[in-house]
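What follows is one structure encoded as structure tokens, with my remarks underneath.
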Amino acid sequence: MAHRSAGRLARNVVLTGKVLLNGKKRRLDYGVVAYVTQENILLGTLTVRETVTYSALLRLPSSMRKSEVRRIVDDTLDEMGLRECADRHIGTWHLRGISGGEKKRLSIALEILTRPRLLFLDEPTTGLDSAAAFSVVQTLRQLAVDGGRTIVSSVHQPSSEVFALFDDLCLLSSGECAYFGDAKLATQFFAETGFPCPSRRNPSDHFLRCVNSDFDDVAATMKGSMKLRAEAELDPLLNYSTSEIRERLVEKYRISDYALMVRNTIHEITKIEGVVEEVIRGSEASWFKQLRTLTSRSFTNMSRDLNYYWLRIIIYIVMAICLGTIYYDVGTSYTAIQARASCGGFVSGFMTFMSIGGFPSFIEEMKVFTLERQNGHYGVAAYIISNFLSSMPFLLTVSWASASITYWMVKFRPGFSYFAFFALNLYGGVSVIESLMMIISALVPNFLMGLILGAGVIGIMMLTSGFFRLLPELPKIFWRYPVSYIVYGSWGLKGGYKNDLIGLEFEPMMPGQPKLKGEYIITEMMGLSLDHSKWLDLAMIFVLLFAYRLTFFIVLKVKEAAAPYIRVAYTRFTVKRLERRASFRKTLAMTSLSKRHNQPHPMASQEGLNSPMPY
């Protein structure tokens, strides 16, 4: 329920109705409403203090001094009881981290940095033991009392200790309100309706038993049990179906003093003419401050995460040594022509292909970006540029370390300028593949599907690079024009051949024949043109790098812009599809009869809300 109220819905969820704040329609703007997801989406390589500090720098005004930011961070850590674990890492597979309860409190701390007046939480106690759950809810209660905030949370089977901490309770069943009011009076209302809570039963379990239809399946399965029939005499709930209990609860609540009290309270709230708070449209930090902060955070995450680059650097070095020993001192014999071409093809194709190993880390980063973007922390451009800047040192290390080993062991054409071109060519190819995988991570946020799709796309790039089949021999329609021009491999391979072969002479196939010049090999044997420099080929790789990053930007922006229209279209389609179902029409008819009138629930009518359609 919390994610619906906060305006965060899954793509396959349909919701109709209105959202009112203090009885008036209003957008759920940044700074007014905050939402804590059920899943703790955090960067495990950062410490608790670093996580809160980076979030503060991304959102608090740029004019705020560092001492003030530190004070706000420390106050937030104290408020959430995170001071003792402030300097511990959140935790990854190779870094021991904080507990589940501390992660949940950290997720809450990130959302209260800007002091929102309304805080939504989606099942904050899920996956926690009883002590951790009690600690989280106790902290939330303290926030509500001391901070003057309104906190709305969905909760999954709280213990009796946790349930006692709630001020108000809203029970929904099939989109209908079974109870809304003081949590301590809920047991009294159920007793008045004819469903008293046994003295030794957790009230929350009793309420769930009354409104959750899953218990009907359990009762039906155990219908023939003698023990169950004996228990039915002691537990009157076993004599009723959930639908019958729900009808009685909804009807009783509709005419009860509890509902009247709620309606009166809502009516009084709607008449309040308070001061309209200034709406903050997103983060108050400047764009350049966000860029610096994101770059620093991303670099810190990359440098501490072994999976991100360090393991790949090791693999690249090992592969470079293997490549160097296989093609060691390749020479200038006739067979060396094919050997040099094969080595260059492996470098521009398979060594860049290994960048696909960063996809799992991209997925985790995209989760954090998606959450923070929805909360209005920063823009798409700042994120993309910061990712490029923070990854540059690692990709340069990968390319220059691999090039240094392979180039001198194979003994390609001597000279620093030729070596620099070789290294930059490799860097450009690796960067393009990184950008491609980021596009895929935005389109397919699934680990396995992303790997499969990425491998397939890179495989097509390798096929059209000119190594497996010469570029002039590719089918002109589609594969030659435009595919071979928009993949990095063809440009990288052409530049690599020019860098290595031009100016060299090779032994002929038959003794006594004239030596073969590198230019002849490039034009006649490989079918490539020498009408432009190798540096233009290298420049085209970086043009493609820019184009891929721009495509990544466009994909993210289009997803944001198209999401509302897709949701509206999906909602209309789903509503029409449901209306054609006989079972759905029957459910509506039964609901209408149970209410004995065609008007919406009085509380929903007073609030201007429509109940979600039953599924």
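Counting starts with 1 at the first residue shown.
Glycine residues also receive a Cβ, built from the backbone N, Cα and C atoms like all the rest.
Pulled from TrEMBL, these are the features on record:
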DOMAIN    24-126  domain 'ABC transporter'
DOMAIN    156-209  domain 'ABC transporter family G'
DOMAIN    290-497  domain 'ABC-2 type transporter transmembrane'
TRANSMEM  309-330  transmembrane segment
TRANSMEM  342-363  transmembrane segment
TRANSMEM  383-409  transmembrane segment
TRANSMEM  416-441  transmembrane segment
TRANSMEM  447-471  transmembrane segment
TRANSMEM  535-556  transmembrane segment
REGION    595-615  region 'Disordered'
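Long-range contacts of the transmembrane segment (447-471) within the same chain, counting only residues at least 6 positions beyond its ends with a Cβ under 8 Å from a Cβ of the stretch, are 341, 345, 348-350, 352-353, 356, 359-360, 363, 433, 436-437, 440-441, 479-480, 483-484, 487-490, 492-494, 526-528. Between the transmembrane segment (535-556) and the stretches 309-330, 342-363, 383-409, 416-441, it is 416-441 that has the most C-beta pairs under 8 angstroms. In terms of DSSP secondary structure, the domain 'ABC transporter' (24-126) contains 38 helix, 13 strand, 52 coil. With helix defined as DSSP H, G or I and strand as E or B, the domain 'ABC transporter family G' (156-209) counts 22 helix, 13 strand, 19 coil. Across all of the domain 'ABC transporter' (24-126), the predicted model scores a mean pLDDT of 88.
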